[in-house]
Amino acid sequence: MSWLDKLLPPKIQQTDPSTRKGIPEGLWVKCPSCESTLYRTDVEANLHVCPKCDHHMRISARARLDALLDAEGRYEIGQEIVPVDALKFKDSKKYPDRIKAAMEDTGETDAMVVMGGAIHTIPVVASCFEFEFMGGSMGSVVGERFVRGAQAALEQKVPFICFTATGGARMQESLLSLLQMAKTTAMLNQLSASKLPFISVLTDPTMGGVSASFAFLGDVVIAEPKALIGFAGPRVIEQTVREKLPEGFQRSEFLLQKGAIDMIVDRRKMRAELAQLLALLQKQPADAVA
C-alpha cells in the first residue's frame, strides 16, 4: 500500500481496475464538422445529421431507405445478384478478398440496395448506394441492380429514385465497370420515353463514373447540403491546373448557384419533399404529406 492509499478514506480508495465497469464502445459519435461529441442514439434518431451544426454525416443504404419508404409493402429487388471475379484481378489484395471483407463489414452483398415500396402511399422504386462497400464503387452488380430497379419501375409504371454515394467506377472490374455507365444511361432513356419520372438525389460523395453517367440525368436533380459532387476530386484538379480552387468548389451550394442541380434538401425533410415532387409529377395526391 502506498503512502497516498494510507491517507485516503476507505470509501474513496481506488478499486481494482479489473473490476471496474467499462463504458461500452460505440455509444458516442464525433461530428466531423463541429467536432461535438454526440450520443449515437440521438444521431441515429436525427437521420445521422448533427443536431448542433446540421452537418450531414454518411448514412447506410438501408437506414436511408428505412427513413424514406412507408413501412408496409416493401420488397427488395436484385439481391440475388452477387459479384464475381471475372478478370482474376489482383492489386495489393485479391478482388474476392476485398469483396469478402466488404461483405463482412457492411452486411451487404454489393454497393447498391434496391427496394420497391411507397412514399406517403405513392408507389416508387428506390435505389441507394452503400458507400461503406468498397467506396460505393459501381461494378457489374451495381449496374445490373440499377437496371432491374428501373425495369421494375417501368413495368409497374411508377417513378424511379436513386440516391448516389460513390467514388465512381470500380477499378477491380476495369472495362466491365465502365460498361455500366452506358448500360444505366440507356435504361433511363426507356424510362424517359415512357414518361416516368427519374429523381436523382446526390449525397456525399458523388464522384467519378457515376457523376459522369446517370447521376445528373434526373428529371429533378436534388442534393444534400454540402455534398461533394464532381468527377475528379479537388486535390487532383488543383494538382493538374496548378491553381487554388474557389471556396466551396464541387459542393452542393456551388452547383446550385451554377445551375447544375435543381434544389438542396435537408435529409430530415427529404421524404416529405420527394412526396410533394412525386405528387406533382404524377398528378396524384399523396396522403398526409408533411
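Including glycine, each Cβ sits where the backbone N, Cα and C put it.
For Cys31 (Zn(2+) binding site), the same-chain residues lying six or more positions away in sequence with a CB closer than 8 A to its CB are Thr37, Leu38, Cys50, Lys52, Cys53, His55, Met57. Swiss-Prot lists Cys31, Cys34, Cys50, Cys53 with the feature Zn(2+) binding site, giving sequence analysis as the kind of evidence.
The domain 'CoA carboxyltransferase N-terminal' annotation in Swiss-Prot covers 27-290 and is backed by sequence analysis.
Summarising the annotation, Swiss-Prot assigns zinc finger to 31-53 and lists sequence analysis as the type of evidence. Residues of the zinc finger (31-53) grouped by DSSP class, helix first, strand second and coil last, total 6 helix, 4 strand, 13 coil.
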Neighbourhood of Cys34 (Zn(2+) binding site) by C-beta distance under 8 A, where only residues 6 or more apart in the same chain count: Cys50, Lys52, Cys53, His55
Binding-site residues (Cys50, Cys53), the one with most neighbouring Cβ atoms at 10 Å: Cys50
Cβ-centroid neighbourhood (8 Å) of the Zn(2+) site, Cys31, Cys34, Cys50, Cys53 excluded: Pro32, Ser33, Glu35, Ser36, Leu38, Pro51, Lys52, Asp54, His55
Average pLDDT across the zinc finger (31-53), rounded to a whole number: 96
